[in-house]
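> This is the structure, below, for whatever I ask next.
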């Protein structure tokens, strides 16, 4: 028997030798390495995890990253790269310098206290009269009495509400009365009760139960991190060493941040290229025994398209996986519209948590959001250290400790002031405006005036407040750049290139807003179509183009240096970025935390 097997193996080896005798040695080596890699991808858990964690990087990005990893250690390469990057970002630094050139910036806290008038002057606000400057206002609504900032109605998703003067004065009173309170202590029972009321109101709004749990957070990113951290901690408690967060590729970047902070692995699922929504059958193939939580958007930030929440809920139930719905952008819009035919909240079996921003369509002061958990959620965002030498330490949430009760009180006051009927009125007016813009765009490309639906179109079938624009004949970023020259401040998108307009209550108060936008959009597209061949990008278009050809390591470093420049007014006006200068801290705390979770993976490679 053994002799037969030996003869068989000898014959197989001889046949293989004959087959490969004319094949160059380097091809045999590379082919063997490739087969070994493919085998390990499917059979070696460590390499499989590494490959899954890389699934959100395009092949082009992987090639760029690999080339940079090889080249960065060559003599003089870093100096050349730094020189070029400083050229690319010089316009950004100059813009910061110009913005701050007329400001009086102090290096230290004043020795003696300043008067209220002197302090207010630093805010560049005319305290006597500061109205919102609209394109044109056709009504006499109280929202014209705006006391916080200026604008002209051309910003995308920057300002979500215009508070009546009465509400602004109320919030000033509320803040003054509650700024020094702390919900963490039982000294202020009314603040604690208000917080419970706000959470109950939000649970009811999203059709949760009385047994549901919730947090008032500082914003959407914080709400997302709280939810993801709860699920990752639960997964580790179950013995899952490498928890995975499974999200559509259109999910907000906050999920990537949450994965890095918790040491989880982010798994991105491709969306349908035609609809822009994730396919539940495709997502199902990405769920494994390591999945800590799966995510759906309602709607997504990019193009305002919601994922099929009901079908994803069924998938979550089938796979026995927690399901988080990210409604940070539109939650307090959709909650006041009729979504009974396609629910996106706790009415869907399988949904275990929801994130929704109060400071967007909830019209609340900035820095307010909620993270809600269903009564049957397998994890809650709670932290407790009961053996601490300082006593018992427990917080309703993983991140926050002490916070100001003013945040609770101002949310309570704002929600109470508007009421459900006003929120419904605002939500319906935004949907009417979105429909009007789409109707005008359809008429524009059908009139035969030189533009077609190939030149400019709305991606997918958005049903809420965001319109994502693309072009098959022009660079969409060039179109956005032309619109910026006409005063519009829109959000640029990438992979693929596009831009979006996020409609808010502000835009509904602008007379003939849709006509003005479509007029400027038409002119912008025509101008771009008439660009000379080889037109070079500039401004934001140039930055997006340059970043797309950079290694991820450099992309992160540039963002880090830019944020440092924003906080250091001297760095905004002079000096180089010093990208490759030695640093006492070689890596971010978040990245370090994630590496703890992936240490075994990296070691095995």
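Note that Cβ sites are derived from N, Cα and C of the backbone, with glycine treated the same way.
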> Which stretch, out of 554-579, 580-605, is listed as region 'Disordered' by Swiss-Prot?
580-605
> If you run the three-state DSSP split on residue 360 (N6-(pyridoxal phosphate)lysine), which class comes out?
coil
> Any same-chain residues 6+ apart from residue 360 (N6-(pyridoxal phosphate)lysine) with CB under 8 Å of its CB? Would you list them in sequence order, or say none?
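The list for residue 360 (N6-(pyridoxal phosphate)lysine) reads 157, 160, 328, 329, 330, 331, 332, 333, 504, given in order along the sequence.
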